[in-house]
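Trainee: The structure follows.
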Ligand code: TRP
């Protein structure tokens, strides 16, 4: 097994660097695109409350579980689990859930890169618009002032119909990701996170303040925090759990892989809390950034995946300074997406390096290339392949194009299954002393954490998985 890429030779230079990279992995399209989309579609408040419950009771205990596996195993997701298993005297077959996590990361990246391509497109549209406004002496004009809302809206439909452009954008994002991962942990991943994440936070706060002043903040707060539990269907719960896992980058190799680069001295429990809190905080703030703008323009919160791309530019159209803010907004999403995609690729790449003894650059280009190829199918499912169904015999996915099928299958099946296996392994099979020593917890805190991992996670995740996939069982 190659160790040169693991802790020591090329580990994090500091605890701060690790936390920034882990937060960088967690904060991404999941927070600024998928969370508002799902919260909007599922009626707001009740979904948000249930989501936060999932984060605290299921997500947080799992974050700690995954980092501890990585730090003990000191390798990629699969090899780390195998190491913990053999040191605990149980079957190395448990490495399976490391493998399903790696598979999840692989699949997520195929559509993630396509969506990130839309972001690049809108950076171009809004950036060009801002530059034009600036030089015509109106730097604080609303976005796309020369167009009417229908025209702005058709920007997205036009993009979706233009498959060559979609592929070019998808390729651009993939190449940027591969290039950073190929450079390695310290000079690539860590450097990217230490520049991009602070920039992200500054933009996030600025745009939220802007939205609070110019948008309909009160209505957004009511929408997000007044729960109407009649809207909380089994499928909404399944999506909330899947989103909590997705957003914290759980069950998809990242935290195990990054845990391997963490020093022995770092205390894992507070680190886990910081990662979960930062990720959830950003999701909530992203909601408070987006919904005031959406409501002020009288648009529908339940617009779906196009909310951020189709609705927001229309909203920026009518707002003072919308040209500039719109441009900054898409740059913000781009930064978030890039630090996440790096981690998605790294999870798979580090496994290839260890498993096949590949050079880092070879693995990065090879795996990234394969993700790109499957991603082509996702891009084409918006146009020429829109009628193609991959899993027509599974009710949840019968109506989904390839992109929605990969997204739905990872979020609603693969991530929950991997999380379920992780919690059973850490809660029941891994050596108790080993686990306790790695967590650094003792007494009541350890008991509480262990209870959540061993009992609550498997039962809750199992139930949500079964009822989410087979809602007919509830009737
Ligand atoms: N958490 C990322 C986001 O919110 C998406 C994601 C899921 C991810 N699994 C991951 C990122 C693994 C990096 C590694 O956008």
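The count begins at 1 with the first shown residue.
Heads up, the Cβ atoms here are built off N, Cα and C, so glycines get one too.
On a predicted model such as this, the values are computed, not experimentally measured, just so you know.
What TrEMBL lists as transmembrane segment is 12-33, 45-64, 93-112, 119-141, 161-182, 240-261, 273-299, 319-342, 363-385, 409-428, 448-474.
So where do these features actually land, and what's packed around them?
Mentor: A Cβ distance under 8 Å defines the sequence-distant neighbours of the transmembrane segment (12-33), meaning residues of its chain 6+ beyond its ends; these are 112, 115-116, 119, 185-186, 189-190, 192-194, 196-197, 200, 243, 246-249, 254-255, 258, 261-263, 266, 271, 274-275, 278-279, 282-283, 286, 290, 305, 308, 332-333, 336-337, 339-344.
Long-range Cβ contacts of the transmembrane segment (119-141) within its own chain (Cβ-Cβ under 8 Å, at least 6 residues beyond either end) map to 29, 155, 159, 165, 169, 172-173, 309, 313, 316, 320-324, 326-327, 329-331, 333-334, 337.
Among residues of the same chain six or more beyond the transmembrane segment (161-182), those with a C-beta under 8 A of the stretch's C-beta atoms are 113-114, 116-118, 120-121, 188-189, 192, 337-338, 341-342, 344-346, 349, 360-361, 364-365, 368-369, 371-372, 375-376, 379-380, 382-384.
When Cβ-Cβ distances below 8 Å are used as the criterion, the transmembrane segment (273-299) is approached by residues 19, 22-23, 26-27, 30-32, 35-36, 39-40, 48, 51-52, 55-56, 59-60, 63, 204-205, 207-208, 211-212, 214-217, 219-221, 223-224, 247-248, 255, 307-308, 311-312, 314-319 of the same chain, each at least six residues removed from its ends.
With a threshold of 8 Å between CB atoms, the same-chain residues lying at least 6 positions outside the transmembrane segment (363-385) that come near it are 106-107, 109-111, 113-114, 117, 160-163, 166-167, 170-171, 174-175, 177-178, 181-182, 345, 348-349, 352-353, 356, 401-404, 406.
For the transmembrane segment (409-428), the list of distant contacts is 58, 61-62, 65-66, 68-69, 81, 85, 94, 96-97, 100-101, 103-104, 107-108, 238-239, 241-243, 245-246, 250-252, 391, 396-397, 435, 450, 453-455, 457-458, 461-462, 464-465, 468-469: same-chain residues at least six beyond its ends, Cβ to Cβ under 8 Å.
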Trainee: Ranking 45-64, 240-261, 448-474 by Cβ pairs under 8 Å to the transmembrane segment (93-112), which is first?
Mentor: 240-261
Trainee: Cβ under 8 Å to the transmembrane segment (448-474), counting only same-chain residues 6 or more beyond its ends: which ones?
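Mentor: The answer is 57-58, 61-62, 64-65, 233-235, 237-239, 241-242, 269, 396, 412-413, 416-417, 419-420, 423-424, 426-428, 435, 439, 441.
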Trainee: Which residues of the chain, 6 or more past the ends of the transmembrane segment (240-261), have a CB below 8 A from one of its CBs?
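Mentor: Tertiary neighbours of the transmembrane segment (240-261) are 6-7, 10-12, 18, 21-22, 25-26, 28, 30-31, 34-35, 38, 42, 47, 50-51, 54-55, 58-59, 62-63, 66-71, 73-77, 80-81, 98, 100-102, 104-105, 108, 185, 268, 275-276, 279-280, 283, 340, 343-344, 346-348, 350-351, 410-412, 414-416, 418-419, 422, 460-461, 464, 468.
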